[in-house]
Amino acid sequence: MQLTDIKFFSVKVGDIFSLALIALYLIDVRSYKVNRLYSRLVLAFTVCMGLSVVSLKYTDLYVIAGSDSILKNPGILSLSRYVQYIGCVFFALYVSRLQRFQRPHQLLGLLSAIDMWMLIWCGFFLLCWMATYAGVETPFTYADHRLRGGYVEGGPFGLFVCFYFLVRYATLGWSWPWAILLGGLLVASQAKAAVAFLIIGFMASTWYSASASKALKRLTIAPVVIAMAVIIGNATFGLGDRLLGYWNDYSDIESAIAARSDDQSLVMGRIAAMYIAPNMFADHPMIGVGFGNYSLARNNPTYRGPLPPVNEWDLSGLGGLVNFALESGIVGLVLFFWPFTLFYLSASKPARYMIALFMLAMVFGVQLYFQYIWLALAIATSLPLAAWNRRIRSARHANVALPPRAVTSANIRPRRHQP
């Protein structure tokens, strides 16, 4: 469970958790056998942090007046974002390590315990939403009976619950209580992008869990499923009208601003970023504007054009990959995809699905520094490699003894440090 809008003295609880994970690793570093994916990610983020320092010399940054945290100042902001990224890597490392030290039945018990707590939390949020109709207000709802959980709005919360549902489906299987709860949460949060993410996530699950021929046959039902989802989404959320409104605002931004200059949904967030982001990337294509600096660079008149400057903290809303491209440039993107590509090529199908889910979540708007998506990475690195699975299939087909066991969650043990 990640509550991104819950803070302790202006510092997000997730950031405190990241610092704790990094400190714990440094204290006990000699006892860890780290998957190369994680060490390469740490290297990639560290190099990008160095490039962020260099970018400070070439980027015009505009400090937000009245900022509620010293962490939002130039330089410090980049370091803070770097800590968030590294904290996410260590979160995945710890979860993966915990899973690999379990026997199968123990691992199932661990995942089931996590699932039970998630069910309780999400059920609590749904009750909070239902209570608004009785006049009871909570910090987890806003506007006109819309659920946001621990997020700033309903959209990110909807993506969160859909992401967990897909991970849960891949590891623990189908659950009607969860399916019913998910439907209620999507209605309560009015998360449009989450519905599309859920559909594509299930399609990807079908592809990765079956042979190519079977997956292709199953995917023939995709147009029907998508059509039904669009019809239901349009009837429930007015999806078509909303998308048309977004496009009209973007295509004629000057007229829209003249009529609604005080509309925050227009001058901030996703619509504004669709105009600002291309200009920002064109100005800094190689190394970007630096970790975390989109919010400080977006007020540059060269980037925002007809959009007015804002005095509030503005995020792009375009997702982790777009944000990372803006802040780290082409060099940063290459460094980021390098570890994932090497891991993906040697991974089993279930592990590849987890990597695909990780990337897909960012395409739909989840930020890279949200810790919960790294759960998929932790699960992926705790699964056997594709080469081991092929050896097992070959041995069974030839009716011979199985090859020596690979490193799996069933046989790995903590390595004791020898003095």
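Every residue gets a Cβ built from N, Cα and C, even glycine.
Automatic prediction, not curation, is the source of TrEMBL annotations.
If you check TrEMBL, you get these features:
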type: DOMAIN; residues: 179-337; note: domain 'O-antigen ligase-related'
type: TRANSMEM; residues: 6-26; note: transmembrane segment
type: TRANSMEM; residues: 38-56; note: transmembrane segment
type: TRANSMEM; residues: 76-95; note: transmembrane segment
type: TRANSMEM; residues: 107-132; note: transmembrane segment
type: TRANSMEM; residues: 178-207; note: transmembrane segment
type: TRANSMEM; residues: 219-240; note: transmembrane segment
type: TRANSMEM; residues: 315-338; note: transmembrane segment
type: TRANSMEM; residues: 350-366; note: transmembrane segment
Averaged pLDDT, computed only over the residues in the domain 'O-antigen ligase-related' (179-337): 79
Tertiary contacts of the transmembrane segment (350-366) (same chain, 6+ residues out, Cβ under 8 Å): 155-156, 159-160, 163, 166-167, 170, 193-194, 196-197, 200-201, 204-205, 208-209, 317-321, 340, 343-344, 373-374, 376-377, 379-381, 383, 385-386
Non-local residues, at least 6 beyond the ends, that sit with Cβ under 8 Å of the transmembrane segment (107-132): 1, 98-99, 138, 140-141, 145-147, 149, 157, 161, 164, 168, 171-172, 177-178, 181, 184-185, 188, 409
